[in-house]
Amino acid sequence: MSSRRRKPEWLRTRPPSGRRFTEIKETLRDRDLNTVCEEANCPNLGDCWSGRDGPGTATFMLLGDRCSRGCNFCDVATGGMDPLDPDEPANVAEAVAEIGLDYVVLTSVDRDDLDDGGAGHFAETIREIKRRDTSVLVEALIPDFQGDTDAVDRIIDADPDVVAHNVETVERLQWPVRDRRAGYEQSLDVLRQIAAADGCYAKTSLMLGVGEYAHEVYRTLGDLSEVGVDIVTFGQYLQPSRSHLEVFEYVTPDTFDVWKRVAETEFGFLYCASGPMVRSSFKAGELFVEALERDGLDIEAARAAAERQ
């Protein structure tokens, strides 16, 4: 099924606008910072940046704006890697403070060209944010670091509140969806390592609509639960351009609702954000705090609970 046909009504969004959106964009430009919201053309950009009742969520993309890998679903540019910007950790922390974020998501391109995959730079950014304000919640959405457990530990040791790594799709479809250097078992190993650590929650995300079968999604939820993942999200894959992987199907909102119920009630995930427009970082702060409140936890209690896991 071609993704070039007319999108269903539930996938139509309005372009981002408003004072809050403009303020955040200007702050990012002033500090020459990248966000995955913009680089990957996320459809929720305006919604997340504006927030519903607070300052919202922004996802900063570290280590440059070009990736060393070429996943067939992703709109981030590949190749031509630049040196790391030594001022980026401080600039990100300053932007977080200026915008007034109380929940920030940090992600990065893959940097297989660097000895540590960029883990040290990533970790330093987390520490810079926490140095300025220990109350800011930090979610680190990390690459697989080519299976380097020491690199993953460097992220964990920087004390983020949530560490995410996206498995992206079911095992059968890892290729052609992801770059051949990625792999299902390698991603499960990263998530297992995160889940075994003290003081943070483990999170992952899957795209639907790339040709997966329901029993494969169910099995993937089982695998994720088995390695200790706390949070999972589901969203519709949308083709960034005609040169990218085609959409196999547009999954209905009702189907996304079913997967949310299965994930939370049958597999016991802390929460599952599931919907056609959901992305890994979609309203991450709002949903995380709501999930903690449902469990009767405040932020400090949640951190203590994570340390006891």
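Glycine is treated like the rest: Cβ placed from N, Cα and C.
Look at Swiss-Prot and you will find CYS37, CYS42, CYS48, SER281 tagged as [4Fe-4S] cluster 1 binding site, backed by sequence analysis. Under the heading [4Fe-4S] cluster 2 binding site, Swiss-Prot lists CYS67, CYS71, CYS74, citing sequence analysis as support. For 53-270, the entry in Swiss-Prot reads domain 'Radical SAM core'.
Per-residue pLDDT, averaged across the domain 'Radical SAM core' (53-270), gives 94. The [4Fe-4S] cluster 2 site is set by CYS67, CYS71, CYS74; from the centre of their CB atoms, other residues of the chain with a CB within 8 Å are ARG69, GLY70, PHE73, ASP75, VAL76, THR78, VAL109, ASP110, ASP179. CYS67 ([4Fe-4S] cluster 2 binding site) has a Cβ environment of 23 other Cβ atoms inside 10 Å.
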